[in-house]
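Let me begin by presenting the structure, written as structure tokens, before commenting on it.
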């Protein structure tokens, strides 16, 4: 019944009228009038027949000529609706009618006629078409028809709908269109009461009651009510498609097809479902959709009784019973019941995907695939379970769900006895027993038991993530992954670990976690025997053997075996970091890293160390920290067997062996193995900083360091020690400070066992063992193990000691002055816990403690092994040697000895301070 839509455009009605003269012989006119009626009044009498005339489809041209025959044409009111083809006349009382003389030789006298044209009988001029179109050569009887026709070539549409902005060629077309929005249906069938928007639709409908179909197709014998519909039908045989889309060039057999198609480009969907609000571009789409809600399935298979909502799906279904598949693919020889299915299938070989989603850009081979896909974005779930009311986006989803409910399940597996509601589900299940995996990925060759598994897998290669979290915007390749993720936002964690009481969203995640406690590693590598707690860990590991690196950086082309490695690598490139912290403006590549970072500002640290009570934001950080106490270093370098507490340190270390230096200076091009090394290096470039402090003019390389620096001026110290009340600008400084109270020294020297509160102290200390002195004086070429020692030394060359004591003594640094002042004040803040003795400097307390521990003080042999400069200890001006004997020496030698002693004391001071 698609021809019902043809009446929506005025050019269609003109097409109908144009073909009328050709169809007269075989298709009688629906409405007509006799010429004798025109002779009723010669002297101005009112025509009593005129108001009753209803000139139907083929009478439109007659009306125009009738106007010409009246002497007072201005008084005639013409209500002409091209769409409805209903013509009514209301002549005034003074309308004059002309007498039409008869011709003696006319054989058509006394017959019904359609046209009256002066003194010439219409039958003689029926075939004359005097008005020709310059564009296409088509001819028309009347100029008005030609003018109307020309609009098709110009494409002019002057009439616009206020509701949907749709445009039309004529006011009548617009008027009929507006009834879609208003819901007005003025034309009612007196047989069944059904109403229509246009008169022509009513006439078409009425033919269903009468059953009259007088216009027959010569090609196939099919009959129609009207010649215009027959003409449209004939284009199926001729292949003629005169209506072309100006946007994409697609052609159609009729204007209504073109009109509906154009809505794809305009996005117009005027037909709305009053149940769920979904909109459609055509009424037939809405009609079919409504059957989902009503459950109506009017098309029933006479073989098996199964019912369908559309005729097309019924026809597809029937092919199962017939087994007839006449349409064969010349590529793979697969056969189909219908040519349309073959055309759809061929797209697989061509790779063409003409149907694109306007939300995410995903393309599909057929419109049905696109329609189903769009439900992901709209959230539409039209398939509802009649038992529990749960709704689904796909009919297959509903079918799977129904198997949950108890009841008869006709399809039983002979292998395991499991039953299924549908045979398709049973067939899918059987592949578990047979091991059959017929669905192969054309990219990597991986096989799957079902098509849905392959579909999800393919998204790894395409990067498509259609399932988006409406809370944080993160996207996933499957619905189940999104569901797992949403548990984070809801805080739902019903599965609790009996070992450590940690909770999880899913039982599978809990099972995986428990293997940490049981140390179970069921997934073993066939190549090297290495075992893993989960399959994903094994998968990533196997890529080491195969050399596969599926995760490639689009910036530099470097590839990695895991996604996490790629994400870590991407931080090297100064590209886009879309996730910005609103507290400190620091930006991140992923939303997850931003969330982790935000916990710094919130101060949220729920994970506490049971040894030192230090708190952490994440369990992973707590686990890492605990290794400080246990001295566990599980990450071993496979090149040099050096061990590390965490994987990140091992990664950085491995770059020493590989020579990889991913962090490059954009000023001089020098590269480094770690980001921190690059930051340190950048400080050597003067005048290349981007972030300047407006208080003191000091410049920095990043906004983060500038923000940190500004706390100096603001005096902001948000991190307070609960033990002594001392405040710090940074949490890291507070953490270091707390170790004074706890006595914790987690950083232990591998050489001599000495422990330090922080890693920097250990780093400097180790240089005593290695003999490394990286800080050289540019004045005298003397070198030191620490930067502070170099600064102290440089004051010798400058001769400046800006920090003065009341006693007149001067010092290079405030810290040394503070230490000195304790001599005057008598303050001794460093107290021994064993005997209560107090000291003014920490190093003296450290030396004193060795009395209680029995630990020998640093002996000369040890010092010689580190410095390689002294053979024995010498005291100045006749001091005692180590064995207590008195030594005599010249004054110059004593001065030299004094200088050497000062150097050793400096070393001892540094050593004890660290």
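Glycine too: its Cβ is placed from the backbone N, Cα and C atoms.
Not measured: the values here are computed from a predicted model.
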Where Swiss-Prot places phosphoserine when the choices are 85, 170, 683, 881: 881
Per-region confidence, the zinc finger (579-601) (mean pLDDT, whole number): 75
Recorded sites: 577, 738 - member with fewest neighbouring CB atoms within 10 Å: 577
Coarse DSSP state, helix versus strand versus coil, of residue 738 (SUMO2 cross-link): helix
Long-range environment of the zinc finger (327-349) - Cβ separation under 8 angstroms, sequence gap at least 6: 315-316, 319, 365-366
Integer Å distance between the CA atoms belonging to residue 577 (SUMO2 cross-link) and residue 738 (SUMO2 cross-link): 35
Counts of helix, strand and coil residues, the zinc finger (579-601), according to DSSP: 11 helix, 4 strand, 8 coil
